[in-house]
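Novice: Sharing a structure, written as structure tokens. Questions coming.
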């Protein structure tokens, strides 16, 4: 059986959009539960970037840490949710338009996909040209967390998140431990083994071994050997951020290229199969896919003759 180039382009558009739609649906469901359903969001521990730092804690703490992560990344999760919904609508239009060979639906799909692709390219270019625009919010967020830090056992959002950062990234403060000199809520009074001490830095600034045990002498006395007071959290986090976002950006470029190919295939199919039409395949009075049906009949006749 011979398949025309236009037919191959049509099925290429259908298959790619069907797979993309399924992936976007899973993304939308996951982000929707995380962002809007409080009864399930704490169970999504996979979303928490702090999970590895708290494998030694109980389930209650893991729930609280996951919820803290969701609170921090809520804008990103909500934005991803709505973007996924828009993508699902575009994929549905593509599949319906191509399967039903409906000129209006197909044209709407091409226009919407083109606009979405332009928006993606603009965001992608902005990131590689001016990445500071994207992580400036994270900088301000971490600064605020340091300033609002209270104690490792206070269970407030700032303390929970900074404790996770400092334990998992082996760091202290924003630039270094002295940043906590400006933390007005920092509770320095502690009781260790029945002895009252006054902390110079938060206890999570102490170095920990594989069993999560603090280094000897810390927090009674913070030194370069038993603590991370010289290593700020932002430089470490910034390096990780750029590493993973660069990987995501390269993958995103590949997705953009695939979308361009899909759009080209859709436009090629419309322009080659919709003859005697107005620009963009628009035609008044009758279906613009009549020629496609005629081509299928001709193909069947040719196969019968062979």
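The first residue you see is number 1, and the count goes up from there.
Cβ atoms here come from the backbone N, Cα and C positions, even for glycine.
Automated prediction, rather than curation, is the source of TrEMBL annotations.
Remember, predicted model here, so these are calculated numbers, not experimental data.
Take a look at what TrEMBL says about it:
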TRANSMEM  12-36  transmembrane segment
TRANSMEM  72-96  transmembrane segment
TRANSMEM  108-134  transmembrane segment
TRANSMEM  244-270  transmembrane segment
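Describe the structural context of each listed feature in the structure shown, including burial, neighbouring residues and relevant distances.
Specialist: Residues 44, 47, 70, 74, 77-78, 80-81, 84-85, 87-88, 90-92, 94-95, 98-99, 258, 262, 265-266, 269 of the same chain, all 6+ positions outside the transmembrane segment (12-36), place their C-beta atoms under 8 angstroms from a C-beta of that stretch.
Same-chain residues lying 6 or more positions outside the transmembrane segment (72-96) and placing a CB less than 8 Å from one of its CB atoms are 13-14, 17-18, 20-21, 24-25, 27-28, 31-32, 34-35, 47, 102, 105-106, 108-109, 112-113, 116, 141, 161, 262, 266.
Listed by sequence, the residues of this chain that lie at least six past the ends of the transmembrane segment (244-270) yet keep a Cβ under 8 A from its Cβ atoms are 5-6, 9-10, 12-13, 16-17, 94, 98, 103, 106-107, 109-110, 113-114, 117, 120-121, 124, 127-128, 131, 134, 280-281.
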